[in-house]
Amino acid sequence: MVKVVVCGAAGGIGQPLSLLLKQSDLISHLALYDIVNAAGVAADLSHINTVSKVTGHVGKDSLAEALRGAHTVVIPAGVPRRPGMTRDDLFKVNAGIVRDLAQACAENCPKAFILVISNPVNSTVPIVCEVLKKANVFDPRRVFGVTTLDVVRSSTFVSQVKPQFEPHSNRVTVVGGHSGATIVPLLSQIKQLSFTPEEIKALTHRIQFGGDEVVKAKDGAGSATLSMAAAGARFTIALLEASVRGKRGIVESTYVHLAGNPGAEWNLRSTGLEYFAQDVELGPDGVANVLALPNLSAEEQSLVKTAIGELKGNIAKGINFIKEGSGPASKL
Ligand SMILES: NC(=O)C1=CN([C@@H]2O[C@H](COP(=O)(O)OP(=O)(O)OC[C@H]3O[C@@H](n4cnc5c(N)ncnc54)[C@H](O)[C@@H]3O)[C@@H](O)[C@H]2O)C=CC1
Ligand SMILES: O=C([O-])CC(=O)C(=O)O
């Protein structure tokens, strides 16, 4: 039995993400949780003729039932950006939402993989980990910040500049975190291509601020949902392929707690950070190996340095939210 729970399943990301997960024969039970409308989304998806059973769970009183027995919990719950906002501006509302969902995971499915989409990812992942640590159920191999959209954008944007780069089958490593300057695509690792310094600069900027393109185009109606659903489904299925099917050698960039994760010592020492996104090999228990940062170009070294500076504050903010007590979730 592989039960996957989507928390925030009625939202802009939650609905298409659930639709994509409904296509997978790796999932036997898809449980859709939201504070609104999850029953309707579940009824609709349940008519699709694939193997998984779909159940809908609406409101806080049904959260425990939704989570019980979960193999994997994907969290796209919370508010998205509007033009003029940073991801950090979402902290005020989303921190409390993510904390409460993490607490419910600790109580109902302490061994589940937890995939965090809600922004600001740089801070919400530390929130989840701190909640699990407090509950004595933390396993660093099982909590992931979903940064796959940065990887997806990198493949697409590189292919638009270099048509010989096939976007579907070529992956780009993206390290750091998931907001602006903390997003560092390692274009120097694409060994089959060469770029001019101007191309590197323009591509890096576009990847770092790709989210803003969508926020601007949607003009107040939210941020990336469909591309995020595709990215979220890609990461979830990759993790299921590794953990359920036992497929080896699956590597994705993702934001993880470094200490205690296999292979992470080098990145822990070289960044001095508790959390960092890097290529991770996935396995039966989640993180099988955090790959060491490769040799970086001079520009990438400087970008990573800037990212580290910003990440320090983002991480501390998430940790302090739990350590110093945070009160009930607030409204924006
Ligand atoms: N990691 C990434 O790369 C990306 C992250 N995001 C983030 O994902 C989050 C969701 O974005 P959208 O789906 O566009 O927003 P949305 O507003 O369309 O959907 C959010 C859903 O969460 C639900 N929700 C609110 N509080 C909840 C709670 N306590 N428990 C369960 N569900 C709850 C809402 O009812 C709503 O259905 C935002 O924080 C956004 O910034 C968006 C794009 C990319
Ligand atoms: O830009 C946003 O707020 C949503 C997001 O994280 C992205 O699209 O990368």
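Placement of Cβ uses the backbone N, Cα and C atoms for every residue, glycine included.
Pulled from TrEMBL, these are the features on record:
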DOMAIN    2-145  domain 'Lactate/malate dehydrogenase N-terminal'
BINDING   GLY8, ALA9, ALA10, GLY11, GLY12, ILE13, GLY14, ASP34, ASN94, ILE117, SER118, ASN119, MET228  NAD(+) binding site
BINDING   ARG81, ARG87, ASN119, ARG153  substrate binding site
DOMAIN    147-321  domain 'Lactate/malate dehydrogenase C-terminal'
ACT_SITE  HIS178  active site, proton acceptor
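This view paints the features noted in TrEMBL onto the structure.
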residue	record	DSSP (3 states)
GLY8	NAD(+) binding site	coil
GLY14	NAD(+) binding site	helix
ARG81	substrate binding site	coil
ARG87	substrate binding site	helix
ASN94	NAD(+) binding site	helix
SER118	NAD(+) binding site	coil
ARG153	substrate binding site	helix
HIS178	active site, proton acceptor	coil
Looking at the recorded positions GLY12, GLY14, HIS178, which has the shortest Cα distance to ARG153 (substrate binding site)?
HIS178
Within the same chain, the residues at least 6 apart in sequence whose Cβ is under 8 angstroms from that of ASN94 (NAD(+) binding site) are ALA77, GLY78, VAL79, SER118, ASN119, PRO120, THR124
Length of the line joining the Cα atoms of ARG87 (substrate binding site) and the residue listed as 'active site, proton acceptor', in Å:
9
What's the number of neighbouring CB atoms sitting within 10 A of the CB on ALA10 (NAD(+) binding site)?
22
Which number gives the other C-beta atoms within 10 angstroms of the C-beta of GLY14 (NAD(+) binding site), all protein chains shown included?
27
Counts of helix, strand and coil residues, the domain 'Lactate/malate dehydrogenase N-terminal' (2-145), according to DSSP
65 helix, 28 strand, 51 coil
Looking at Cβ-Cβ distances, which residues of the chain lie under 8 angstroms from MET228 (NAD(+) binding site) while being 6 or more apart from it?
ILE13, LEU17, PRO76, ILE117, LEU149
Between ARG81, ARG87, ARG153, which of the binding-site residues has the fewest other CB atoms within 10 angstroms in the structure shown?
ARG81
Inside 10 Å of the Cβ of GLY8 (NAD(+) binding site), count up the other Cβ atoms and send me the figure.
26
